[in-house]
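TrEMBL lists A:34-487 with the feature domain 'Amidase'. Taken from TrEMBL, the feature active site, charge relay system covers A:K76, A:S171. Per TrEMBL, the feature active site, acyl-ester intermediate maps to A:S195.
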Amino acid sequence: MLGMSLREAAAALRCGQLNPIELYQKCLSLIKETRFLNAYINVAEDVALRQATEAEKRFRQGKPLGELDGIPVAVKDNFSTANIETTCASQMLKGYIPPYNATVVQKLLDQGAVLMGKTNLDEFGMGSGSTDSIFGPVKNPWSYSKQYREKNSGSRTIADDDSDWVIAGGSSGGSAVAVSSGTCFVALGSDTGGSTRNPASHCGVVGLKPTYGLVSRHGLIPLVNSMDVPGILARCVDDVATVLGVLAGHDPLDSTTIQDPFQTFTLPDDIDVTNLCVGIPKEYHAPGLSTETLSLWSRTADLLEDAGAKVVEVSLPHTRYSIVCYHVLCTAEVASNMARFDGLEYGHRANVEDSTEAMYSATRREGFNDVVRGRILSGNFFLLKQNYEKYFLKAQKVRRLIADDFVKVFKSGVDVLLTPTTLGDAAPYEDFIQEDNRTRSAQEDVFTQCANMAGVPAITVPAGLSSRGLPLGLQFIGQAFREQQLLSVAKWFEKQMNFCPLDFYKHLENRDICQRKSNIASLL
Amino acid sequence: MWVQKTIAKCWRTAGFTRFLSSQSKVPQNPTWRIEPETEAQDSHVTPELIDHLERLALVDFRNQEGVQRLQSAVNFANQLHHVNTDGIEPLDSVLEDRALYIRGDEVTSGNCSEILLQKAKSVVEDYFVAPPGNIPLPQKENEYLSTKGEDI
């Protein structure tokens with residue numbers, strides 16, 4: 001059995017069955033045993049021990065801070081962390097130590113969370129596989145699961161030389177793997193076009209992209225300002241709700257967070273879906289959707305109907321252009337955002353002193369990978385004086401049509417939308433890298449980026465396993481600032497599916513993983 | 001107890017209705033097709049454009065593959081022109097109908113120049129140091145620019 005949920009751990013800490021230092025040590029040794037997954041860029045061993053010790057003191061005095069006190073968490077390496085290196089998986093920021101904490105990181109720490117480390121990602125979050133990091137690709141732990149190994153043991157696809165591993169999804173692949181493999185209870189990701197939901201789906205965990213404006217982005221190194229949101233990855237919907245309660249709300253340091261107070265909520269165990277109207281956007285049967293995902297999607301629609309919900313087919317007519325529109329707006333904002341990296345104030349600086357321009361140019365050549373450079377160049381192309389209206393303004397207009405599609409559907413009485421999260425299960429690494437990053441992102445983000453375009457919340461919930469034994473997720477998209485309703489439906493669904501979490505294959509070199517996991521479980 | 005019965009009843013009714021309509025609400029075939037990427041006449045990436053972009057973006061294409069990547073990104077973007085956007089206003093932010101938070105005009109932070117200067121590679125007293133300015137980048141002899149005037 002894979003580790004407990006945050007709620008269970010918090011309860012165990014409260015009744016003294018578990019203490020924070022013990023919990024920290026368990027997670028740390030699991031991080032070390034699963035090093036080969038490459039989920040962490042930087043393990044904050046000493047800082048975390050200090051935090052766990054503080055938490056232990058508070059528990060001993062009977063004064064824990066909140067539900068997160070003593071809980072090991074991980075944070076994607078594009079959130080600024082004071083005194084802990086923050087690299088964005090790029091040469092450009094290697095060695096950069098931020099002088100402050102991102103607001104969301106500070107909020108976790110204020111609740112007593114133990115920050116185990118910073119997780120791996122595609123450079124600057126640009127990708128959908130977590131394969132484009134200067135620290136190497138992230139491996140999906142399901143590649144080493146009983147479920148995957150057993151289903152494929154007869155076929156030649158399982159090689160002994162470990163070349164058959166599948167991608168984690170991205171760009172928050174490290175965070176998804178950290179949660180999925182049990183090395184922490186909750187992880188922060190970021191979500192610009194699906195970067196939290198995509199890896200969550202491929203790694204069999206829950207991933208929430210909150211409404212744009214609900215959670216502060218102060219200290220999140222920006223990619224696309226009009227779409228970026230911090231994401232939450234956890235093992236179950238209840239845990240996501242708990243963490244959202246901690247993170248959500250206005251931040252004076254981020255003027256795009258709304259000022260309405262956020263009502264924290266807990267989800268009931270018995271959820272009634274009879275008064276619910278679920279929309280099935282027909283355009284989400286996109287070309288390339290796997291038959292397995294399609295049948296899972298259909299079965300879920302039936303399941304909802306059978307439980308008494310009203311299920312209706314709806315249309316979001318501009319869906320097919322959404323990924324194109326996203327591509328233009330994303331590269332344009334990237335081009336503008338990446339201008340800050342010039343070697344003068346922080347980060348990498350090339351050893352060229354001929355002229356300022358030559359130094360800038362050499363710094364950026366050495367600091368950015370091909371993907372980042374490619375997006376900067378495309379973005380600059382779309383922003384050229386002669387192209388500005390033709391591409392950039394055009395994309396912004398199409399964006400309004402896409403956002404209006406959602407408004408209309410929700411106005412018609414639909415409460416939430418049910419869609420696939422990805423086209424299919426995770427691809428083997430060797431297959432994935434045959435196509436370039438842009439093509440892959442266009443395929444992988446096809447169902448996820450629409451929610452970023454419209455600013456609405458969306459959550460992926462693990463729904464089942466593919467015939468290869470890999471996780472498949474389904475996505476619920478909700479109305480802006482209606483997270484409670486969205487998460488309720490997600491929890492109802494989670495209960496129906498009863499997804500069986502990752503079980504590591506025994507005959508690995510790290511064979512004591514399974515042993516260790518049952519130890520954690522038996523502590524309860 | 002009656003809850004269970006109601007659920008069972010709902011289950012049967014819904015199942016029956018679906019049996020009658022004989023189809024799930026999820027469409028069983030793709031509802032659209034991927035269009036082949038076409039190169040519009042006026043969006044061709046020329047050598048002059050490459051040079052211009054490299055100076056603006058302060059990154060280089062590195063090789064012919066980089067140039068092709070831009071061309072294909074532009075071709076992909078051209079699909080936008082199939083959408084009729086007459087009379088539609090551009091959308092800058094999804095929060096456009098809300099007032100943005102504006103804080104009071106008071107100093108709330110500061111005195112951190114020392115900390116910030118520590119992050120720079122080269123400083124003198126309280127200044128960041130840059131190499132000499134106003135010198136344009138030299139003309140490069142790039143492989144992908146050597147076919148100047150010809151089609152790439």
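Glycine is no exception: its Cβ is also placed from the backbone N, Cα and C atoms.
Nobody curates TrEMBL annotations by hand; they come from automatic prediction.
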Rounded to the nearest Å - Cα separation of A:S195 (active site, acyl-ester intermediate) and A:S171 (active site, charge relay system): 5
CB contacts for A:K76 (active site, charge relay system) [other CB atoms within 10 A, all chains]: 32
PLDDT averaged over the residues of the domain 'Amidase' (A:34-487): 96
A:K76 (active site, charge relay system) to A:S171 (active site, charge relay system) - Cα separation in whole Å: 9
Which same-chain residues, if any, lie at least 6 apart from A:S171 (active site, charge relay system) yet have Cβ under 8 Å of it: A:L121, A:D122, A:G125, A:M126, A:G127, A:S128, A:S130, A:S190, A:S195, A:P199
